[in-house]
């Protein structure tokens, strides 16, 4: 792999960049300089594909472009119809669990999210091919496992499993059985990247450490419900933490490809990616809000999420767009499952520090993250007991 010119950093001197490279993640030596770099097939829009190296992936990131890495699909001879019409799901027309949700929501803790995120961002990077990326996944798995073990759910079939990939960082899936196999999914991605060079420090506090700890806290409080913990919800619930989102939604594509092959009955998928930055909205002179994505999502699920935000959050929503393949919900859509995405703000007001070493905890608003946790908790609880 060729190293991109350090001049691309612009704002950082080369000595600062080299100092930020972890000792166990040194650049490749000269003995490999003549090897041809591995290439990957990416899709930047429906039908718009190209072969690129991994360095070229990060160049696209620097340009603000998003994509699926569909190499595995080609190798397996399976290319799903892009954004097929999802199965018909009748989402509720109104909120039906207000008393239960509001009682549970009072137990959500900003302190828990802060403590988890402080630890999670202490890893040099969570780059999906790095040693630190595997270590961070192991740490996160332990937190999710402890969350489930500390609840009644562990006695009623709840489990936490790794979903292994061909690269070292695994995805994580927590499952809480319901009375049917119809499944409600909430996701976030656990990896991080420095778009200038993968070995450079990438704390990934907002992208997507914030979503990672937001849904972890929602899971903790959800399991305080005896009805959920004891398996009495109508539908099964899953919480996902995906690997390798930054490299082209690799982890989530692997998960939903497997689910499709197994004929899993996934009724909804909500992605929480970047939940912590509110200052961009305030600096623009606008009211604090959460951003409901309206492109490449399921309209019925998205409309119900708007009701959830209105009913359970203390701030309003705004409608915004993020483009093709912009986060892991797109993988669910790709395989025919209804999906939605709620981000921290209008897309243009979201954090500009992502994919750099400056995406750190100090710039995040944990009161804002609490609103995302309320929305996540409310949505999951409502859909867990709905006839979908």
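Glycine too: its Cβ is placed from the backbone N, Cα and C atoms.
As annotated by Swiss-Prot, signal peptide applies to 1-19, with the evidence given as sequence analysis.
Feature annotation from Swiss-Prot assigns N-linked glycosylation site to 96 (among others); the stated evidence is sequence analysis. Taking a C-beta cut-off of under 8 angstroms and a sequence separation of 6 or more, residue 96 (N-linked glycosylation site) has the following same-chain neighbours: 382, 385, 386.
Sequence annotations record features per position, and here Swiss-Prot assigns N-linked glycosylation site to 119 (among others). Under the three-state DSSP scheme, residue 119 (N-linked glycosylation site) falls in the helix class. Annotation for residue 119 (N-linked glycosylation site): spatial neighbours 139, criterion Cβ-Cβ under 8 Å with sequence separation of six or more.
Within the same chain, no residue at least 6 positions away in sequence has its Cβ under 8 Å from that of residue 149 (N-linked glycosylation site). Swiss-Prot lists 149 (among others) with the feature N-linked glycosylation site.
Positions annotated as N-linked glycosylation site by Swiss-Prot, on the basis of sequence analysis: 164 (among others). Secondary structure at residue 164 (N-linked glycosylation site), taken from DSSP and collapsed to helix, strand or coil, is coil.
The N-linked glycosylation site annotation in Swiss-Prot covers 181 (among others). Taken residue by residue with DSSP, residue 181 (N-linked glycosylation site) is part of neither helix nor strand, so it is coil.
In the three-state DSSP reading, residue 189 (Zn(2+) 1 binding site) counts as strand. Remark: residue 189 (Zn(2+) 1 binding site) has 208, 211, 212, 241, 242, 243, 244, 245, 246, 251, 252, 273, 327, 328 as non-local neighbours, by Cβ distance under 8 Å and separation of at least 6 in sequence. As annotated by Swiss-Prot, Zn(2+) 1 binding site applies to 189, 207, 273.
Note on residue 246 (Zn(2+) 2 binding site): other Cβ atoms within 10 Å of its Cβ, all shown chains, come to 27. Annotation source Swiss-Prot lists Zn(2+) 2 binding site at 207, 246, 355, citing similarity to another entry.
Around residue 232 (N-linked glycosylation site), a 10 Å sphere centred on its CB holds 15 further CB atoms from the protein chains shown. The N-linked glycosylation site annotation in Swiss-Prot covers 232 (among others), and the record cites sequence analysis as its basis.
The Cβ of residue 326 (disulfide bond) has 20 neighbouring Cβ atoms from other residues within 10 Å, across all protein chains displayed. In the three-state DSSP classification, residue 326 (disulfide bond) falls within coil. The feature disulfide bond is assigned by Swiss-Prot to 322-326, with similarity to another entry given as support.
In sequence order, 188, 204, 208, 211, 212, 245, 246, 274, 327, 328 are the same-chain residues whose CB sits within 8 A of the CB centroid of 189, 207, 273, the residues recorded for Zn(2+) 1 being left out. For residue 207 (Zn(2+) 1 binding site), the Cβ neighbour count at a 10 Å cut-off comes to 29, with all displayed protein chains included. Non-local neighbourhood of residue 164 (N-linked glycosylation site): 170, each in the same chain, at least six residues away, with C-beta under 8 Å from its C-beta. For the pair residue 322 (disulfide bond) and residue 355 (Zn(2+) 2 binding site), the C-alpha distance works out to 16 angstrom. Taking 207, 232, 326, 355 as the recorded positions under consideration, the smallest Cα distance to residue 181 (N-linked glycosylation site) is found for 232. Rounded to a whole value, the Cα-Cα separation of residue 355 (Zn(2+) 2 binding site) and residue 207 (Zn(2+) 1 binding site) is 7 Å.
In this structure the alpha carbons, written CA, of residue 326 (disulfide bond) and residue 207 (Zn(2+) 1 binding site) are 12 Å apart.
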